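Engineer: Here you go, one structure.
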Amino acid sequence: MPRKTPIERYRNIGISAHIDAGKTTTTERILFYTGVSHKIGEVHDGAATMDWMEQEQERGITITSAATTAFWKGMAGNYPEHRINIIDTPGHVDFTIEVERSMRVLDGACMVYDSVGGVQPQSETVWRQANKYKVPRIAFVNKMDRVGADFFRVQRQIGERLKGVAVPIQIPVGAEEHFQGVVDLVKMKAIVWDDESQGVKFTYEDIPANLVELAHEWREKMVEAAAEASEELLEKYLTDHNSLTEDEIKAALRKRTIANEIVPMLCGSAFKNKGVQAMLDAVIDYLPSPADVPAILGHDLDDKEAERHPSDDEPFSALAFKIMTDPFVGQLIFFRVYSGVVESGDTLLNATKDKKERLGRILQMHANERKEIKEVRAGDIAAAVGLKEATTGDTLCDPGKPIILEKMEFPEPVISQAVEPKTKADQEKMGLALNRLAQEDPSFRVQTDEESGQTIISGMGELHLEIIVDRMKREFGVEATVGKPQVAYRETVRTVAEDVEGKFVKQSGGRGQYGHAVIKLEPNPGKGYEFLDEIKGGVIPREFIPAVNKGIEETLKSGVLAGYPVVDVKVHLTFGSYHDVDSNENAFRMAGSMAFKEAMRRAKPVLLEPMMAVEVETPEDFMGNVMGDLSSRRGIVQGMEDIAGGGGKLVRAEVPLAEMFGYSTSLRSATQGRATYTMEFKHYAETPSNVSEAVINAKQIGRG
């Protein structure tokens, strides 16, 4: 079956933003204007099409990124039909993992900013993730009708805070309640949207007299940015500033956007139906198609480098980037096709797990509505039914031409809670529910505490775990009670311990056990665990060296201070001995474990705690209360700035997670409910000795 839309007319984009910047409303408008969704879903009344989990509708935040396909022929109907696959991404910091995994499969992103709040903490996180995956982006400054709206301030913030080069291709006509439309700096015309038709109709008009000078000033900056795309254009521009044609400007801006050198910037009010269609045109004009993106890299089963180009003629390759449980069809695996073609019924290789599976039905999603399709091709995003083995980050490919694409990395959880079902009868059901949810979300973990037998759930923040417990009740009918949140401490060492030996000897008639290992242990900040084999002269036979490493790895799970996982240590295996008859893998595993425990005791072990980046927005009158409260929580204030439009102060601080439980309640009472805050995990830092002692004692009492 031939391709309906040429790959050059595909756009795989994400819409990402800080919570409350109006991202879901923007996505809803896109679905409306592209004719997919006939009634605009409003977040205010809990009817948004994209926010399809019940909790999202209640909380008014987007949790799971749903993938949606829409078609667009341009605002004025002057483009050939383009296919836009939109991945909706959450803006709450507890769901950063969702943003991370969608960035991995996108070709371009539209960053939505609040015209008043501007660049907020989550905007910085999302920007970093887009940089990491080299995702070209455009910026849409939303809510231009709000009091305090300031398009140009957001433009400056993108430069100052995000180090991005934002190039306005529009400027607003009016602001706050006088916001009417935009000036298109490429065409040098004003665009005014008609309220009666919900913005479907619009007119091009002359630029209002009071904006002509400003429009010329910003057009000049835009054309200059475009001219830097090539020597020829620059020369042409320097000869005559007005010599670049509309097509030349667009092509040059596109080239520089795809190279991640600039970020074209637009504005509007999605809620007031202004500016969204022009943003869709910009998606087509400036963001890449799958064909504009470099070939994706991976390696074959022999670890040789391999690549796949975005073409139907290449062998099939795809990445599973999300798993969801659907009440009607069971497990859905969302995947992005990088190359080749696959039909329902074909056999695929899951190269990551080296298992073959038959592809059942293929569904294309529109939020939570679905359409069954026969095949998918390079550049498509779809959902598969019937893949039992696939999990997030797995590569699916042609069994005859295997490739493993680069895996996704997921952060370690920072908070955990004990959880138990309200009725004993639900124990098994709870286990199944938690395992299913952990399969869907790689940043959520479930384990059993070996000492207490309790089920422990871990995640990226309090809201993350709240929603897991909530989903367990709604989707699986299991009500659970949760314990107090516990901080995920870590242990590491401060100094070097050399020549530490571990000897495991059991010789009591018959075959004995003998393992002897000597190690050096040193700090390895920020690099995790490393094991170096420095054995010379065969004092430990080759086949037993992995056993020493295994023994140490098992011991890393529980440190010597308080039984927390050990991180950032480097172990050198330097010496040892063996017995011809009695040595075996188990003996060397035990020797490695004993040596490591002893070395850790000697190397000044310390406790590490997660530090959170906290930002508080508060009216100025309560500034003292907020600062005092943060200091009492061992917080270090790192900066303050005015919120534009007389909106109070923004305080940035770094605070230990252990001190942040219950913060929202105390912030409310300290500021009469007028302050808001966000926090996200920053890094691990050494715990002060008095806190460390308290944590260790509490752990020992718990064990005792």
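Even glycines carry a Cβ here, placed using N, Cα and C.
So Swiss-Prot lists these for the protein:
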- 17-24, 88-92, 142-145: GTP binding site (BINDING)
- 8-291: domain 'tr-type G' (DOMAIN)
Engineer: For MET144 (GTP binding site), which residues of its chain lie six or more apart in sequence with Cβ-Cβ distance below 8 Å?
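Structural biologist: Sequence-distant Cβ neighbours: SER115, PHE151, PRO172, ALA175, PHE179, CYS267, GLY268, SER269, LYS274, GLY275.
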Engineer: Note down the number of other Cβ atoms within 10 Å of the Cβ of ALA17 (GTP binding site), including every protein chain shown.
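Structural biologist: Total other Cβ atoms inside 10 Å, all chains included: 28.
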Engineer: When DSSP is mapped onto helix/strand/coil, what comes out for MET144 (GTP binding site)?
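Structural biologist: For MET144 (GTP binding site) - judged by DSSP and reduced to three states - the answer is coil.
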Engineer: Where does ALA17 (GTP binding site) sit by DSSP, helix, strand or coil?
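Structural biologist: Going by the DSSP assignment, ALA17 (GTP binding site) falls within a strand, counted as strand.
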